[in-house]
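Features of the protein shown, as given by TrEMBL:
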- HIS266, ASP268, HIS326: Fe cation binding site (BINDING)
- 1-10: compositional bias 'Pro residues' (COMPBIAS)
- 22-34: compositional bias 'Basic and acidic residues' (COMPBIAS)
- 35-48: compositional bias 'Low complexity' (COMPBIAS)
- 53-65: compositional bias 'Polar residues' (COMPBIAS)
- 248-358: domain 'Fe2OG dioxygenase' (DOMAIN)
- 1-65: region 'Disordered' (REGION)
Amino acid sequence: MAEKTPPPPSSSSNRRKARAARGQEKSLECRKEGPWSSSPSASSNKSPLQMVTPVQPTKSVDSPPQMVASVQLSKYDSLGTSCANVSVGSNSGAAPFDICGDSKCSVNVKPSLLEINREKRRAKERSNSVAQLQHLRPGMVLLKNFLKPDDQIEIINLCREVGVGKGGFYTPGYRDGAKLSLRMMCLGKDWNPDSSSYGDVRAFDGAEPPEIPEKFKELVQGAIGASHEFLKGRKGTSNPSVELPPMSPDICIVNFYTSRGRLGLHQDKDESQDSLTKGLPVVSFSLGDTAEFLYGDSRDDTKASKVDLETGDVLIFGGESRRIFHGVSQIKPKTAPKWLTDKSNLQPGRLNLTFRKY
């Protein structure tokens, strides 16, 4: 019996096969020319972070606050990058964070004459006023309005200049991928939140911490000196240097909190045992928006005392209060004086500098 010859394919079948072939050719062409051609292959010895092309500085986007344990953490960093692809404490490949933002992109609304005159009066009152000192507890002094307007502008400008360079602001994080809801920069020595230790270089990128500006050191010495003069006039204080020991800082941790920034109750106890035993104080500068500051003898915010830290305030705690639990429960939006934001272009939020001796 003769073998049957299969019928010729129909024209519709030919058209389907032709379309499929053209689709495969187009797909191959897209792979060759498309945006993913620079992605590392499975055999590549470079990580995805090493292949990232740096971008120009852009304004940061706040990360949603989530309180975890004693610090506020977020699963994703503020630039929307999955922490699974980011080194510990790093937002490598992202633009440097600028605390002063981009003035070219801002929309300036001309204030009324009434607002202008009101701001002028407030600025004059603050510049002419004498700092008010408060004794919060043994070894803890608050110097209200201690930093003068010109000093505040200079501090912000110096932090901005250093913060956009190597070793500048970054989003600190932990090995499990969680991140603090603030930007941090270390001066003098680097502090690693994941290991709770100090070092000479930053672990995730090898950057050396910038030096502490001499202007900052002068202001720290002035604040400690003013505290000693204040304590001399208090009854029961025989030796101010015992209650609040003198200190020359070699470490400064600079934090920038957005309007939704928080920091849970914690102790500053990673300095040397000698520094902690002597009770050498922590000196904290506040600039920008007002922060609600918590402090107490335990990690229990329901039992903690509260005080508002406004722009220009300096808080010092040492001696008996050196290891107090402290944190920031909230940042009060739009509380920074207009003269400060106009002259410095500081982004909405709070800039905080804490000085200490290793």
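Quick reminder: no glycine exception, Cβ is built from N, Cα and C everywhere.
No curator has checked TrEMBL annotations; they are predicted automatically.
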Among HIS266, HIS326, the most crowded of the binding-site residues [Cβ within 10 Å]: HIS326
Averaged pLDDT score, the domain 'Fe2OG dioxygenase' (248-358): 97
Secondary structure content, the domain 'Fe2OG dioxygenase' (248-358) (per DSSP, counts of residues): 16 helix, 49 strand, 46 coil
Other CB atoms, at most 10 A from the CB of ASP268 (Fe cation binding site): 18
Fe cation site, defined by HIS266, ASP268, HIS326: further same-chain residues with Cβ within 8 Å of the Cβ centre: LEU265, GLN267, LYS269, ILE324, PHE325, GLY327
